[in-house]
Amino acid sequence: MEEAPHGCPGADSAQAGRGASCQGCPNQRLCASGAGAAPDPAVEEIREKMKTVRHKLLVLSGKGGVGKSTFSAHLAHGLAEDGDTQVALLDIDICGPSIPKIMGLEGEQVHQSGSGWSPVYVDDNLGVMSVGFLLSSPDDAVIWRGPKKNGMIKQFLRDVDWGDVDYLIIDTPPGTSDEHLSVVQYLAAAHIDGAVILTTPQEVALQDVRKEISFCHKVKLPIIGVVENMSGFICPKCKKESQIFPPTTGGAEAMCQNLKIPLLGKVPLDPHIGKSCDKGQSFFVEAPDSPATAAYRSITQRIRDFCNSRQSHAETLISP
């Protein structure tokens, strides 16, 4: 049985499987039917599907507008710069799917084969899946309640034919709600390497990010580290740094020290980042000498090292 969501009424409660917090939980049918009922078969189906995916990473934040999708896209680009590395990017922001725009894939459609849905490819080693590919127009609103969104996430995890993949990056919406519970619970048996948590320096963002960190602890999701995005602005002419979003409480660095969580790095503001996203092009190509590019590359390497160390540890544990 999978880890119960926060707010779970408990298997012995009269509300088991029927309460509001039960909606979308893989254990819902088991709890509602009583002992002996089969759990959601999708959990095992997803575990089998994910056997060809080596590392699974979630990009999270309790706050909207801190740059999760931009970071997810550039993490995918950074990892895919090694032509021998296969990278997949899954956008589960059902109501605000911006990955197709950022990756230059607007207007593309999903095709189905005998082995499932085929991702849309940016390069031979970088595939993408998003609900945005299923909409007739990028301006169409997705007006779904939780269970339907959760069903879409289940379908993405179970039915997309990623093939052999080194890194699956999952871009999530802000918050700690249906989508986050669903992806963590459906992937629990498949092993998630961990979460990268995005924030900006100001306290109004940090207070929501602390909630996201609490969520990770409650669902036993490992935290790879925190990225402070929009961390200062370096003038391209005089090279002087200005704080556009002042870290009035010490920013991500102080928060990470207090909570004993790694700070993966700080990405400064650069107008070229927004321009490259609007054009659907890699920022690394558009601005290779930017301080933000150097920061992205450093953070990408730290995430790569984290995943490799976990893989080496797992191989040591199972070796005879």
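Note that Cβ sites are derived from N, Cα and C of the backbone, with glycine treated the same way.
What TrEMBL records for CYS8, CYS22, CYS25, CYS31 is [4Fe-4S] cluster 1 binding site.
What TrEMBL lists as ATP binding site is GLY62, LYS63, GLY64, GLY65, VAL66, GLY67, LYS68, SER69. Residue density at GLY64 (ATP binding site): 13 other Cβ atoms are found within 10 A of its Cβ, drawing on all protein chains shown.
Residues or ranges marked as [4Fe-4S] cluster 2 binding site by TrEMBL: CYS235, CYS238. Within 10 Å of the Cβ of CYS235 ([4Fe-4S] cluster 2 binding site) there are 9 other Cβ atoms, across all protein chains.
The average pLDDT computed over the domain 'AAA+ ATPase' (54-210) stands at 95. According to TrEMBL, the feature domain 'AAA+ ATPase' maps to 54-210.
Fewest other C-beta atoms within 10 angstroms, among the binding-site residues GLY62, GLY65, are seen around GLY65. Ranking the binding-site residues GLY67, LYS68, CYS238 by how many other Cβ atoms lie within 10 angstroms of each Cβ puts CYS238 at the bottom. Apart from GLY62, LYS63, GLY64, GLY65, VAL66, GLY67, LYS68, SER69, the residues listed for ATP, the same chain places the Cβ atoms of SER61, PRO174, LEU198, THR200, ALA205 within 8 Å of the centroid of those Cβ atoms. The two recorded residues CYS238 ([4Fe-4S] cluster 2 binding site) and GLY67 (ATP binding site) have their Cα atoms spaced 26 Å from each other. Rounded to the nearest whole angstrom, the C-alpha distance between LYS68 (ATP binding site) and CYS235 ([4Fe-4S] cluster 2 binding site) is 24. Closest in space to VAL66 (ATP binding site), of the binding-site residues given as CYS8, CYS22, CYS25, CYS235, is CYS235, taking the CA atom of each residue.
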